[in-house]
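Structure below; questions to follow.
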Amino acid sequence: MSSDDEDIPELINEENNNDSDSDDEEKWIEINEDNDSVNIRCLFCSSEFPSIENSFEHLQNVHQFNLVEYKTKFSMDFYSYIKMINFIRCNNNTDQNKLLSSDNKPLWLDEKYMKPANDSYDPWLSYDFDELKIIENRNNDDDEKSNLLKIIQDLQEQMKNKDHFLEQISNDMTMMKESYKRLLEKEPEIQQRNNNKSSKNSLENGVGSLNIDDDNSYFESYSHFSIHHTMLSDKVRTESYKEAILKNPSAFKDKEVLDIGSGTGILSLFASQAGAKNVYAVDQSDIIYHAMEIAQINNVSNIKFLKGRLEDIEMPFKKVDVIISEWMGYFLFFEGMLDSVIYGRKNYLKENGLILPNRCTVSIVGYGSQERYNNFIKFFDNVYGYNMKCVVKDILKEAHVEKCTDEFVLTKPNMISDINIYTCDLNYSNFTYDFSLEVLKDGEMNSICGYFDTFFDLPDQNVFFSTSPAATQTHWHQTLFYFDEPKQVKKGEICYGYNMKCVVKDILKEAHVEKCTDEFVLTKPNMISDINIYTCDLNYSNFTYDFSLEVLKDGEMNSICGYFDTFFDLPDQNVFFSTSPAATQTHWHQTLFYFDEPKQVKKGEIITGKFICQRDRNDLRSLKIELRIFDKTFKYDLN
């Protein structure tokens, strides 16, 4: 393998998570490295062509198969395209009519078709499917044929202007060489791996014992970019890890490191920068594919990526020197991810190895924000003239994650749990503590505020951060446990508590629900949908609208803001409310569709574009949005 090959990040375990990274055992799929020419084999016959445009013409003329039409009809994305190509290759399909079921549904949707059909490189898998333009209008057969012909001609013209196309395919071949994995294993090897897995220290009551299908929603929540933006933007969190890793080079130099729940790979990148020999980044969420790209873009070659739950996959190493993980949840214990760190410690950490962080404590203080208590708990005493106090008893059963300030802290803290990550077991979150709180000032206590502190006790320099109300706020905030009635307390008093128990290129693809203000609105509004509830049908959310926006003032436009208005047209008196940024805020807020780059606009300018809204066929409660503006096309998910 050349030095250039080693720069490509790896997903070193295959889909069934049975691959090994051993130099003696791993046999990578070898891809033809002759980059001088690339022959593109037809999808349905043995014909070969020197270019993609020739292949398109052949498919259209000989097989009456049009990829543009399929993309439009089935709302295909890049992953669906990959599955279709592999489905055709796996089944040696020679008939385009056999791609669909009897009820006209695609047969290639199974996840197994994310794997290539064979060892040889297939140029179809390198084609930038997102560049293929969909058909916008289908008024009749003549229009459809005309549109298809125009699109094909446009595509041919694009291809002719791309002199570097073959060179790009060659580069893609190199990248895919490192992404392709051995698809089949010999039976003895599989049996040996299963035997090895069964010999691991299992944690029967840990989160790893959950059925992966039951646990999948947890990992899917980490596939959304907003949660990673929130965590990475938390400077206290991220900079504490950075400082702990980079200011302790002796702990990482030439060491083997395991990153549990690696997400975007930021901790792995820090470990690599600190001099680690190899970093093994493990994550079940699909965010790992973006982490691989991030490592490649930043020329980091010593991070090995493994997709799956730590408890389910076979590792390509026996032991590591260091385990790093950002496992902490709200009130420290929420999510139970420490279970996986304990599993990693028991099975993969060398004797006297390091864990970051290696100690955490949980503390409580008495808290008394009257405004918050009245707006939340007392709110239900009178809701638009109705008594809703009956819901409060259930509200009090829930802990509430909120941003608390030192201003309303009424007592000294009391640490109720001190966890040593080197020695704790799965009972870390099961405890009882009799606490006492010394009152610092007179006030009305209406809740207990809980928070945690995190410690990195390391050879060169110790690092610490707190989520206390007195510290810089983090994305964990604090956790409030409300009382049913406030309690007057006096300075110097001791408040006792008994039996306190504790039991356990892509972010732009998402639409973001945010609170917007009229101050930053740059254009007049344009209504894009008017729904009459008396007459609308199930296509109410499927529409296309050509909009125009008149600019009201000079500024830098970075997004489109969407909102809705609601009307009650009634016999005696009409009622109306708006969720516009100019109106009183509601819990719906507004929906922002961000651009990749801001655009300078001038007062009086007219901005035109197209807004396409479609219901997600795979999740009927979610939407697929396409926005065409400033000569660009943006696609968003709203779910």
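Just so you know, glycine gets a Cβ as well, placed from its N, Cα and C.
Those TrEMBL annotations? Automatic predictions, nothing curated.
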Tell me which range among 138-186, 187-235 TrEMBL lists as coiled coil.
138-186
Can we call the domain 'Methyltransferase' (253-361) and the domain 'Protein arginine N-methyltransferase' (495-628) in contact, meaning three or more C-beta pairs below 8 angstroms at a sequence separation of 6+?
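They are in contact.
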Can you check how the pLDDT averages out over the domain 'Protein arginine N-methyltransferase 3-like C2H2 zinc finger' (72-116)?
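Overall, the domain 'Protein arginine N-methyltransferase 3-like C2H2 zinc finger' (72-116) comes to a mean pLDDT of 83.
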